[in-house]
Protein chains: 2
Amino acid sequence: MKYGIVAFPSKKLQDLANTYRKRYDPHFALITPHMTLKDSFDASDDDIKKIVQQLDELTSKHAPLKIHASRISSFFPATNAIYFRIELTEQLALFHKEISEKIPFGSEKHTYVPHITIAQKMTDSEHDDIFAQLRMIGVDEQDIIDRIHLVYQLEDGSWTTYETFRLTGAE
Amino acid sequence: MKYGIVAFPSKKLQDLANTYRKRYDPHFALITPHMTLKDSFDASDDDIKKIVQQLDELTSKHAPLKIHASRISSFFPATNAIYFRIELTEQLALFHKEISEKIPFGSEKHTYVPHITIAQKMTDSEHDDIFAQLRMIGVDEQDIIDRIHLVYQLEDGSWTTYETFRLTGAE
């Protein structure tokens, strides 16, 4: 089964992301707005038991994450995805690093750029138009991530939450 | 904020429900296939802290629920929703009753009929055609519900999981 690890920001920030996603993101219907902490990976039922244990430990050590969505950026030319850029704080970098180390499934494809996708799968010219507009509007939202979610994918591409982990530690 | 309490069945049963939902359920994109345990209700941040406590207690008492999706039924003429009927076992009835008692938010509009919706918002004649077909196909799936989810609704109608509760008790 295919799993992923995500954080859903506050309703306020999700609603803001959705004002763009409903127009510009064909994945809109598959999952609500989120910050990916670990890209999708395949795991067996046995693997998942161990992963849940690791996440229980990890989240009992880490404190809620202060995040700042500070500007609208694009992954162009790697992909045409436009996103709320989340500042990579030391706290977030450490948390992401530990998830990668403790849960060595899938591959780390690229440098970690924390983000909330708001537009994707556009043609290059659509991308340029939309990015020019959105970059001007910008974003400046502070938020607290006090829980993360292990999610799995259904055959139609949509994601269901398997389990929630509260960040209850001090780090 | 608007909350609800649901159980997501196994991936297998969700995938089966989605083969119908993608054609017949305009709410398809708002939430993955689920069995509602408590209809949507309004709650403040303070309320939710208490509700989370109640659910922690309740789910530490109750054992995983054995469910049986045994046939395809319709709520017609109350509504045009077609669903997988889940047998109302003693275990499930007791669990639902305790949720209603411990979490006295919203109103119990009707007798509890556990179900997974697979089609809704059709015209009466569409309903009759589709229900006639689906009833013939039927459903016969056993499943285990070992966790429930407190979910909240975004402005666009979609639902995000707030927290997961594992059924870890003996009852």
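Placement of Cβ uses the backbone N, Cα and C atoms for every residue, glycine included.
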- Task: From the ranges B:34-37, B:74-77, B:90-93, grab the one TrEMBL calls motif 'HXTX 1'.
- Result: B:34-37
- Message: Need the matching range: TrEMBL marks motif 'HXTX 2' on one of B:111-114, B:115-118, B:147-150, and I'd like to know which.
- Response: B:115-118
- Query: Where B:His34 (active site, proton donor) and B:His115 (active site, proton acceptor) are concerned, what is their Cα separation in Å, rounded?
  - Reply: 8
- Task: Translate the DSSP assignment of B:His115 (active site, proton acceptor) into the three-state scheme.
- Result: strand
